[in-house]
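Engineer: The structure that follows is given in the form of structure tokens.
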């Protein structure tokens, strides 16, 4: 219920922002100015994008329902906020510096809402759908780029495809609406790329005339419900600077420079220090001297007297090892060395998340295994008919006893993959990872270790780019 309440509150805040956007007056030239029917072509083109691929994405998300639909509503809010910014840019000149950041803040906040939703729903059966959206929603930030935003959107689209490919693999022969959902979602970003190329090739096209867009409050000119109290009145002016102090400092500096300008003759005023005047030669001087005086402390602004508030203890998530539908969830296990899953079926998958210093054995034949955000994990399994994926992890060791067609390593530092004799034809697919090693069994029962290449060389051969592994001589 608490999660549902949080979701409702987030949606209410987003709706409030949109309502405020639609009511802001023209004289403020604010973020939410609604253009007239005669909107500039690039606003009309964005409306077309909302009415076609975005509408289809919302329709398919509603058919799937659940977390996918909730996520889509958040994405839709972000796109409508972006549309409001485009309408403002078509009527106003670009503000400078912090003022522009204020205009972009609602979009940035909505992007973070979308990402946070995925993080809070890692146990969702639609986790791959949520991840595809979460990894690519930052494409809405193209409006903040000063040059060539199109390639940035393409990069975000490619990030989404890493997860949409999983959705296709899981649902292609099971439920066609998930395939249509993937097609609709990716088309948003491909059409946005074409839109940017046509209207905003070198960045968001602001109006050359009209007033400068002012600081975005996202609120009507009058007070609104939920607005904070007025700011406190300014404090008293600072006391006048003492002129005598300034003259004293000036005189001191003049005297100092006069001494420096003496050059080597300044040493003539120095007095010889005999041994009986040195504390390390005459211990009696130490007893006579008082406490050592420290030099003047550098100036620091006075700090307000506030009582330190204790930091809230980090909430530790409960450890899980359970079968939820067709998914084995192994989460938040720490310092456990005897975890075993032995009642497996071919259609089941395993999702291993945030396990630290833990060993897990999966017996029997299973569809796929995903290792996400784990450290010092040891995984032993018999047979996997699909893929074993290691993501966002560190120091992971996996060993196949039977057969596996593919092992994918992504954003991982330190991964050892021990293959069996029956899995020597396994494909190792890696990206953004380091310290990867594949261990091949020998006749004597030992393993030979082979590092996976991490450094490459790319050349243009006149027609295409050719990439080869770079051999580094030891």
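Keep in mind that glycine also has a Cβ here, set from the backbone N, Cα and C atoms.
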Engineer: Give the range, chosen from 157-196, 277-316, 317-356, 357-396, that Swiss-Prot lists as region 'Disordered'.
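Structural biologist: In Swiss-Prot, residues 277-316 carry the label region 'Disordered'.
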Engineer: Taking every protein chain in this structure into account, which of the recorded positions 80, 347 has the most other Cβ atoms within 10 Å of its Cβ?
Structural biologist: 80
Engineer: Could you tell me the C-alpha distance between residue 80 (N6-acetyllysine) and residue 347 (SUMO1 cross-link) in angstrom, no decimals?
Structural biologist: 40
Engineer: Could you check what DSSP calls residue 80 (N6-acetyllysine) once collapsed to helix, strand or coil?
Structural biologist: helix
Engineer: I'd like to know the mean pLDDT over the domain 'C-CAP/cofactor C-like' (312-452).
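Structural biologist: Averaging the confidence scores along the domain 'C-CAP/cofactor C-like' (312-452) gives 92.
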